[in-house]
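A short worksheet on the structure shown next.
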Amino acid sequence: MINIAVLGYGTVGSGVVEVINTNHKSINKRAGAEINVKYVLDLRDFPGDPVEKVLVHDYEIIANDPEVDIVVEVMGGIEPAYTFVKRALESGKSVCTSNKALVAKHGPELMEIASAKNINFLFEASCGGGIPIIRALNSSLTADEIDEITGILNGTTNYMMYKMATEGSEFDAVLKEAQQKGYAEADPTADVEGYDACRKIAILSSLAYGRFLNYEDIYTEGITKITPEDMEYAEELGMTIKLLGTSRKIGDDSFYAMVAPFLVGQTSPLYSVNDVFNAVFVHGNVLGDAMFYGSGAGKLPTASAVVADVVDEAKHLHRNIMTNWSSRPLKLMTMDEVEGRFFVRVKGTTVEQVETVFDNVQIVNLKNLPGEFGFITECMKQGTYEEKVHKLNGNVITMIRVKD
Ligand code: HSE
């Protein structure tokens, strides 16, 4: 029997218990042992819930119980999660977590402790909900030099963008719906400002490129400025708007990473990733393109990934599963140097002025928005774009990057 302790009985924690109860036969078979939920830790009481039998309020009970083999951290946030996880690893208990904030901030240290103790610190559910992308990067794409990861990494914002694009819904109303469906973070600012996607692209990039990408170094822009008019322009262009987390290796040793809304065209596989779904596009030098798609948020998809880690840890109780992530920092190029095409909405200027400054542009007009127009530039460095756009006499209403 393998005893686990679940820290936190919120959306994901209750999902973990539900998944283990629902699929216990196949889970035990795959793990090669019976997985027993010995404790659930939460500050709250849950009168009438069967979890009452294993509910504890004091972490010391779990930390001091040598029968606990695996600690499942699904509390979220940095503290007390970090202290609890570190203590569990130091006392020889493997840990799995869905906590992207914890992995993005303390991942290298926690992985080093696990490696030194010959146990595991796994975090499949921290990126892409139920999509097995971490395991794919760790175990499957090992023949490749990965040079791009681009993902729709936040279910809440993808749901919101989809509803705004297809139903013309208002920002606040769709955010409320996403919260009611259990997709959003406790504080949805982390979703709509891109902070959640930022931590996820930091984790995926660190695994893909084998160095630690500090999330604080990543340029991050959310979706709060996206308007129904921007969506109308996107539709007119045969495109849509998605919040993407993206990182690329340019040449031998240059990298960029960012989180921002992008105009995505119909030839991109990310164009059709709608609703709460997430997708992670990966390009490898020998593989070419691959895309991983699935449920990116919500109780059971996330719990499915957490329990998969429990099974993996049960199968490797005293053997560390290697990762390609080192604590050597990954340094990013400045945003000025990053190349791309830019969609710009302007007023108080003319097409002739825009063409004088930018040369070749694709112009787009909307009949219902007289007095302004949009254009898409050719590919150029962001620094060059900024120099040019300053030369326009008119006002820039908005700029959205184009995903190529
Ligand atoms: N709030 C997150 C999302 C949950 O919407 O994707 C899953 O990480």
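Note that Cβ sites are derived from N, Cα and C of the backbone, with glycine treated the same way.
All protein chains included, Lys200 (active site, proton donor) registers 27 other Cβ atoms within 10 Å of its own Cβ. For Lys200, the entry in TrEMBL reads active site, proton donor.
Under the heading NADP(+) binding site, TrEMBL lists Leu7, Gly8, Tyr9, Gly10, Thr11, Val12, Gly13, Ser14. Proximity of Ser14 (NADP(+) binding site) to non-local residues of its own chain (separation of 6 or more, Cβ distance below 8 Å) is seen for Val51, Lys299, given in sequence order. In the three-state DSSP classification, Ser14 (NADP(+) binding site) falls within a helix.
Sequence-distant neighbours of Glu185 (L-homoserine binding site) (same chain, 6+ apart, CB under 8 A from its CB) are Gly76, Thr156, Asp191, Asp196. The L-homoserine binding site annotation in TrEMBL covers Glu185.
TrEMBL lists 8-124 with the feature domain 'Aspartate/homoserine dehydrogenase NAD-binding'.
Here TrEMBL flags 132-311 as domain 'Homoserine dehydrogenase catalytic'.
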Integer mean pLDDT for the domain 'Aspartate/homoserine dehydrogenase NAD-binding' (8-124): 97
Chain-internal residues, separated by at least six, CB under 8 A from Thr11 (NADP(+) binding site): Gly182, Lys299, Thr302
Tertiary neighbours of Gly8 (NADP(+) binding site) (same chain, Cβ under 8 Å, six or more apart): Leu41, Asp42, Glu73, Val74, Met75, Gly76
Those binding-site residues in Gly8, Gly13, Ser14, Glu185 whose CB falls under 6 A of ligand 1, listed in sequence order: Glu185
Among Gly10, Gly13 [binding-site residues], residue with fewest other Cβ within 10 Å: Gly10
Cα-Cα distance linking Lys200 (active site, proton donor) and Gly10 (NADP(+) binding site), given in Å to the nearest integer: 21
Candidates Leu7, Val12: member of the binding-site residues with the richest Cβ shell (10 Å): Val12
